[in-house]
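I'd like to ask you about the structure that follows.
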Amino acid sequence: MANETQKVGAIHFPFPFTPYSIQEDFMAELYRVLEAGKIGIFESPTGTGKSLSLICGALSWLRDFEQKKREEEARLLETGTGPLHDEKDESLCLSSSCEGAAGTPRPAGEPAWVTQFVQKKEERDLVDRLKAEQARRKQREERLQQLQHRVQLKYAAKRLRQEEEERENLLRLSREMLETGPEAERLEQLESGEEELVLAEYESDEEKKVASRVDEDEDDLEEEHITKIYYCSRTHSQLAQFVHEVKKSPFGKDVRLVSLGSRQNLCVNEDVKSLGSVQLINDRCVDMQRSRHEKKKGAEEEKPKRRRQEKQAACPFYNHEQMGLLRDEALAEVKDMEQLLALGKEARACPYYGSRLAIPAAQLVVLPYQMLLHAATRQAAGIRLQDQVVIIDEAHNLIDTITGMHSVEVSGSQLCQAHSQLLQYVERYGKRLKAKNLMYLKQILYLLEKFVAVLGGNIKQNPNTQSLSQTGTELKTINDFLFQSQIDNINLFKVQRYCEKSMISRKLFGFTERYGAVFSSREQPKLAGFQQFLQSLQPRTTEALAAPADESQASTLRPASPLMHIQGFLAALTTANQDGRVILSRQGSLSQSTLKFLLLNPAVHFAQVVKECRAVVIAGGTMQPVSDFRQQLLACAGVEAERVVEFSCGHVIPPDNILPLVICSGISNQPLEFTFQKRELPQMMDEVGRILCNLCGVVPGGVVCFFPSYEYLRQVHAHWEKGGLLGRLAARKKIFQEPKSAHQVEQVLLAYSRCIQACGQERGQVTGALLLSVVGGKMSEGINFSDNLGRCVVMVGMPFPNIRSAELQEKMAYLDQTLSPRPGTPREGSGGEPVHEGRQPVHRQGHQAPEGFCQRSAPGPAICPAPCPGQAAGLDPSPCGGQSYLWPRHCCCAEVSPGEVGLFLMGNHTTAWRRALPLSCPLETVFVVGVVCGDPVTKVKPRRRVWSPECCQDPGTGVSSRRRKWGNPE
């Protein structure tokens with residue numbers, strides 16, 4: 001259908017077809033939020049075209065914003081002077097170009113001529129800035145139109161070259177000093193390629209101030225960042241689907257879009273990509289950039305040059321001229337990550353760095369959560385949020401994502417292994433290291449020793465054979481942990497900065513990679529014990545290569561130094577005392593014991609985003625309870641309540657086309673209670689299997705069944721296999737199980753889809769497929785099981801967290817202490833058992849955390865075509881003391897038995913499913929949902945005209961159904 005322009009109020013929204021009314025409301029509210037610079041929480045259910053509404057609404061605002069900015073600039077440039085603030089366009093003043101130029105209050109009693117002079121000067125300065133900005137924009141647009149191949153940012157290469165020259169001078173000086181001493185023989189041994197493993201001289205504190213000023217001067221040479229929109233989502237597949245939606249939108253041909261990703265996703269160097277581990281890929285990439293300058297530096301020294309090239313070659317794809325070409329190509333036409341990767345291979349340019357070069361001139365930047373929410377990653381990628389717009393999609397798990405991203409866990413074996421490696425490194429190169437390097441290395445060794453001691457172990461013994469006298473879990477504040485570990489006198493900020501600047505973890509990995517198997521035979525006997533200990537912790541390469549090539553085991557193929565991981569724990573210990581806790585988990589042996597930093601206040605990492613950005617939009621299909629975002633994330637980040645705007649809309653599916661059904665008891669009248677105490681009972685697992693057998697017998701196509709956890713799915717699967725229920729299920733549906741490995745998900749889904757298609761054509765005894773999945777896993781979001789792929793979705797129990805978990809209890813206590821209690825009524829959209837203080841019930845915020853976590857983890861339903869009447873099969877009506885309402889308010893539901901579900905599916909519409917409960921069902925009655933779509937081929941007759949799956953368009957209304965094929969995120 002041709003693109004249409006919808007006018008909502010005075011705003012024109014280009015749209016590829018006639019939008020729903022809720023989409024018009026969505027775009028209008030989004031426009032107002034961006035214009036006013038507020039924080040918006042948008043809730044739009046699955047299947048309502050949320051992505052397209054975000055695209056058209058946000059890009060319409062950006063179009064109008066740039067137009068107003070050009071008009072204002074033209075007016076000021078034409079008159080030469082003018083009011084610096086316009087009432088209508090006050091928000092327009094406009095970008096950083098108008099910062100501080102106007103509205104500066106003058107001291108009272110100042111002469112009028114002084115005030116007039118200052119005002120005129122400010123106006124002239126503003127006009128000069130506008131002229132410069134206009135010239136820069138014109139130059140940028142010309143470059144994009146003509147695709148000129150210019151090499152920019154040469155200062156980066158110059159800077160790296162200077163660093164390498166300094167390092168070479170230091171190494172040459174060290175060799176001259178030692179070549180006549182007792183270490184001369186050993187020095188000759190080091191010249192066979194070990195120079196790259198030696199730490200360069202480290203400067204800190206005042207010594208770094210001069211270098212920082214140089215860095216600031218170089219930063220001025222970077223290209224200016226225009227006003228843009230940063231769109232982020234959880235997975236790369238969701239980002240790819242969003243880019244495809246942008247291509248199909250009316251803005252697809254004009255918008256300048258760039259997709260960002262990790263080195264693991266964008267690397268085109270097969271030698272580097274084959275390393276597998278993300279950390280190893282990152283480190284090798286940086287090392288290869290540095291080695292390209294060593295190659296040039298050693299041109300006149302033939303032998304050293306050959307030795308360095310044999311060890312590590314420069315990356316042929318890191319070429320500024322080719323990356324500039326890739327940048328221009330990426331901005332000239334919308335490309336997803338796969339197209340960017342193909343372009344990089346064709347142009348022999350690095351897509352990772354080429355896409356980063358495109359950020360300043362891009363209007364829409366698409367990136368994963370981690371690159372936006374992690375400050376260090378954001379800074380390294382060159383992302384600047386000042387006065388920009390950020391849209392966070394699929395944000396229902398935003399709080400948990402930030403918490404998990406900044407929580408770090410290290411094991412006793414990792415601590416011992418890092419200590420052993422670092423001690424051998426110091427023994428090997430200690431004579432060549434400067435005093436400041438040795439000081440910091442000894443501090444790191446001391447920290448590792450104390451971390452092991454606080455767990456109750458001995459750093460000098462093998463952690464696999466050490467048994468701890470005390471076991472259990474202990475939780476401490478950060479300060480208490482530092483005092484107990486006796487490391488409160490060490491400046492962790494300096495240690496963290498040293499680890500980052502000196503790249504000690506990278507040097508240490510290179511050292512262990514080189515000498516992991518042969519070092520002990522070449523050293524003195526006193527080091528043989530350390531090397532033997534290291535080998536006992538780290539398997540040989542041949543043994544690792546024989547392991548299965550699973551993603552979960554990818555890191556074991558080429559293990560990175562554990563110091564890389566421990567650096568994250570050291571950085572976490574610099575968090576404010578009240579914002580985190582340290583959990584000491586002492587198990588049977590030291591190797592299994594762990595130290596974990598638990599972030600309690602995710603707002604400290606989100607505060608910088610909301611403070612710098614012009615506007616932030618948090619969107620998702622199910623954002624309830626919204627109060628969690630308001631209180632735990634925004635209020636704690638310093639956002640005023642008046643700045644937060646909420647928007648929520650219903651579904652486009654008519655209520656008579658979707659009907660959730662809750663199964664409270666099984667075939668043998670066994671009550672379904674999937675609590676931690678009862679869900680592992682054999683009769684409970686048997687009852688679930690019998691219910692699924694009956695459902696699979698009458699439901700055509702695909703059935704998707706979600707379990708609360710991988711462990712419970714494993715237990716149920718093993719029990720069914722032992723009791724024969726798995727064979728009964730396999731006779732009706734081919735069974736697929738969600739893999740734990742991410743790279744196997746596509747293979748499983750493809751086989752699942754092909755099986756259903758084949759069964760639909762053959763019409764044999766096997767009528768489809770059954771997919772066993774896990775809530776919060778790789779199938780729970782971002783994938784649409786449309787048409788026959790999702791005829792029935794069943795939820796077994798609810799993914800409540802373990803209430804006895806020390807982490808959860810500490811989070812609950814933190815919320816109780818931090819968030820002010822609200823007497824009387826509970827928060828909207830969440831529950832929690834009231835705690836009575838005197839005669840007044842008080843709903844504790846912490847007691848509501850388990851239900852909020854459960855609600856955010858539950859998967860969204862599979863949305864079926866509007867004319868197909870849908871039903872839901874849910875298991876487990878387990879009672880709960882709270883009064884939460886977890887059910888979507890636009891759905892209706894009924895409590896039925898498995899027999900009634902079967903009768904309905906076979907065409908009997910007079911069963912108890914018509915006893916619909918209120919639209920908001922209390923938690924005691926409704927726990928679980930799954931959608932069963934009636935097959936148009938069977939006796940279930942649709943109440944409206946059937947839509948064509950090919951065009952996905954209602955012939956009666958001409959409105960798109962917003963459904964996408966399997967494999968694409970919503």
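Just so it is clear, glycine is given a Cβ too, placed from its N, Cα and C backbone atoms.
Quick paste from Swiss-Prot:
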- SER44, PRO45, THR46, GLY47, THR48, GLY49, LYS50, SER51: ATP binding site (BINDING)
- CYS267, CYS285, CYS315, CYS350: [4Fe-4S] cluster binding site (BINDING)
- 289-304: compositional bias 'Basic and acidic residues' (COMPBIAS)
- 9-445: domain 'Helicase ATP-binding' (DOMAIN)
- SER262: phosphoserine (MOD_RES)
- 289-312: region 'Disordered' (REGION)
- 818-849: region 'Disordered' (REGION)
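So where do these features actually land, and what's packed around them?
In the three-state DSSP classification, SER51 (ATP binding site) falls within a helix.
Same-chain residues at least 6 positions away in sequence with a Cβ under 8 Å from that of CYS350 ([4Fe-4S] cluster binding site) are, in sequence order, LEU266, CYS267, VAL268, CYS315, PHE317, TYR318, ASN319, MET323, LEU326, GLY344.
Around the Cβ of SER262 (phosphoserine), 18 further Cβ atoms fall within 10 Å across all displayed protein chains.
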What is the Cβ neighbour count of PRO45 (ATP binding site) at a 10 Å cut-off, with all protein chains included?
23
Where among the binding-site residues SER44, THR46, THR48, SER51 do you find the Cβ with the fewest other Cβ atoms within 10 Å?
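Each of the binding-site residues SER44, THR46, THR48, SER51 was scored; lowest Cβ tally within 10 Å is THR46.
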About how far apart, in whole Å, are the alpha carbons (Cα) of GLY49 (ATP binding site) and CYS285 ([4Fe-4S] cluster binding site)?
39
Can you tell me the CA-to-CA distance separating GLY47 (ATP binding site) and CYS285 ([4Fe-4S] cluster binding site), as a whole number of Å?
41
Any idea what the Cα distance is from CYS285 ([4Fe-4S] cluster binding site) over to SER44 (ATP binding site), rounded to a whole Å?
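Rounded to the nearest whole number, the Cα-Cα distance is 41 Å.
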Other than CYS267, CYS285, CYS315, CYS350 themselves, what residues in this chain have Cβ atoms within 8 Å of the centroid of the [4Fe-4S] cluster site's Cβ atoms?
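Along the chain, the qualifying residues are ARG263, VAL268, ASN269, VAL272, MET288, GLN289, PHE317, TYR318, TYR352, TYR353.
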By a simple count, how many Cβ atoms lie within 10 Å of the Cβ of CYS315 ([4Fe-4S] cluster binding site), its own Cβ left out?
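A 10 Å sphere around the Cβ of CYS315 ([4Fe-4S] cluster binding site) contains 22 other Cβ atoms.
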